[in-house]
Amino acid sequence: MSTAVHRRMLKEYMAIQKNSATRPHLELLEPVQEDDLLHWQAILLGTADSAYEGGKFHLDIVIPSSYPIQPPTIHFTTKICHPNVHFKTGEICLDILKSEWTPSWNLESVCVAISSLLTNPEPSSPLNCDAANLLRCGDMAGYNSLVKMYTALFAMPDEE
Amino acid sequence: MDFDITDPSDWPKEFGPLREIDSHLRCPICKEYLRAAMMLQCHHNFCSECIRRHLDKESTCPACRVSTSTSQLRRNVSLEEIANNFGDVRQLLLKTVRESLEPKSAPAQTLECAESMDIDDFTPQQKRRRISARVGKALLSAQRGRTHESDDNDHDDDFTMHSQESSSGRKYSTRSSTRPVLRSRGGRSETTPTEQVPNPQSASSSQTSSYSLSEEHTSASEQASPTPAKESTFKHTLVACPVCTMAIPEANTNSHLDKYCFSGKQDPIYNVALSVVETYSPQAIATYEKDGSSKSVSLPASPQRNTLRSAFSSSPVRFNGFAQQPSKLGAQSGAAPIPEPKRLPKLTYSVLNDKQLRKKLQELGLPTHGDKQLMQRRHAEYLTLYNANCDSTRPQTIAQLHKAMDNWERTYMRDLNAKDAQRRAQEEQQQKYAQELAQQKQQEDAASTDVTNLPSSQSSNSGTTGTGFVPNQANNNDVNVAIASQAAQAHKLKNADNYNDLIADIRRRQQREKDAKAKAALEANDAASAPIQPPPQEEL
């Protein structure tokens, strides 16, 4: 069992548990089941002062057996309105999860990158054209209210 | 999981630089200590195996994305050595560091830590430290046995001082708490300035012995002769001959050289290497100095050195002259230049056919079953392992590499099977879905025909949709379903060969494993049947 992936994932798990205090935007990052280190879940918190504020966004992370040479597969399981996230499948368009991946990254840094993607959308390579079009037209009020609505609809289950 | 997972965050916050050192000695890819460190053009370091694996897929540096290639990899031997040694000493260092941070009130715990250490590989100073811990523990328990008021006891104070000292960096200096043991063992040989044990014997011996032998030797000499007075007068002046490295008395050097070495003969009297003589007991050395090897053999050497000595004397090194010297000397000191192993060249798999690839694998002693993709992967994996092994200062044997390959093969097949199962499940689901869809459509069709058959009972609206659209749509859906099921069928047919290959492969593998198990069981039976009695006793 002690393949390179498992060793590395164990290390990451330990490091994550130790540094849990230093991650403000990451509520949770752990394997779905303790005995399967190749399937993780995470919960991102919407940054304060953004349209995503108050939302909890769940991520599903699948680690390939050739990790860290190949990137993990990550998608949102919570519906989220974002120009670079597919509204239906939750697929994320982020260069570091595809072509720009390097083995020096780890799950924690990837989650931080996704968290910063939420506040810094890239409308030039959209997966959600409607949101991207609003941004490209400069309709920040429309965009923000749309995002706020979807955040309230899908990412705040407790308040409903 | 039985393996030991380490991380830079193991170091306490107070020792930030240690954390930094730890993280810099790790490979950014596998997060382990660098194994066979390789440096890229951009001065980033990685394990040889990791970076080779990465460069197989992409030709950029994982840390800074500068484009690079395997040919630009350079060994970073000193970094590798640092990483190796840091890894070796890590556990001990971590314990020491943690001990130093623990509050004074928990001496028993620190004792346990020190006690549980595996000391076989450590230096005498560290051994001494462990001894001190043991003594301290014994003293503590003795105190507990008496009364608990003996806080002003010398030994107890010294011991807590000792743990304080380790925080200030003087980790291994010993204090009076260690004296009871050290005096009888290695006390005399302590010549380091930090250990100023007020011991008259140590002073005298360090002053009188003109030729200082190793510490172990002196302590061993004590065991051989319990009377220290005799020893302190002992003085010997053996030196290694610059030509044949044999131990000769300093005064005899010139005559020895003229008589034997320069004429290519062997000295019949002084013909034992100095490194070997140093392992003798003092008397033996004295006798050797006087009479040469002829008599010293009969004298007792220190017991723990016997094996070493016999190992040396069983293969006497003889020199006949200058011609053979350099190589022999090199071999003796273990510094012979080992020829750099040749790295295996990369293959262009696309221009090789199955047969050629199989031949290449056979040449490397690798299994040759499976399709081309599997063989290609296998070859690439072995190339990575082999070339990484060439870079290591602690290389593995070819057999170990093959074992690693077996392991890889097993995980690869498991992954493949898992993927296959997943794909099959998906297909099944698709088929199910297609069937459900078809059924639904059929029902709808039936409903719509009912509607068309009975136009009088329905409103005109539903009647128009029923006659206009539904049959057409139903036809379309039927076509879609048919196409989907055809495609699924075709996919199955296309991959049937692969499945069959795979299943045959797995069967073969299982059979082989079974055979091996049966063989092992037979052997175990044979072994067990010979000595029938001992095993149950051991178990008890």
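Glycine is treated like the rest: Cβ placed from N, Cα and C.
Predicted automatically and left uncurated, TrEMBL annotations should be read as such.
Given the ranges B:97-133, B:319-355, B:504-540, the record in TrEMBL names B:504-540 as region 'Disordered'.
Tertiary proximity for the domain 'SAP' (B:349-383) is limited to same-chain residues at least six positions away from its ends with a CB under 8 Å from its CB atoms, namely 56, 398, 401-402, 405, 408-409, 412, 498, 501, 505, 508. Model confidence over the domain 'RING-type' (B:27-65) stands at 89, taken as the mean pLDDT rounded to a whole number. Residues of the domain 'RING-type' (B:27-65) grouped by DSSP class, helix first, strand second and coil last, total 10 helix, 8 strand, 21 coil.
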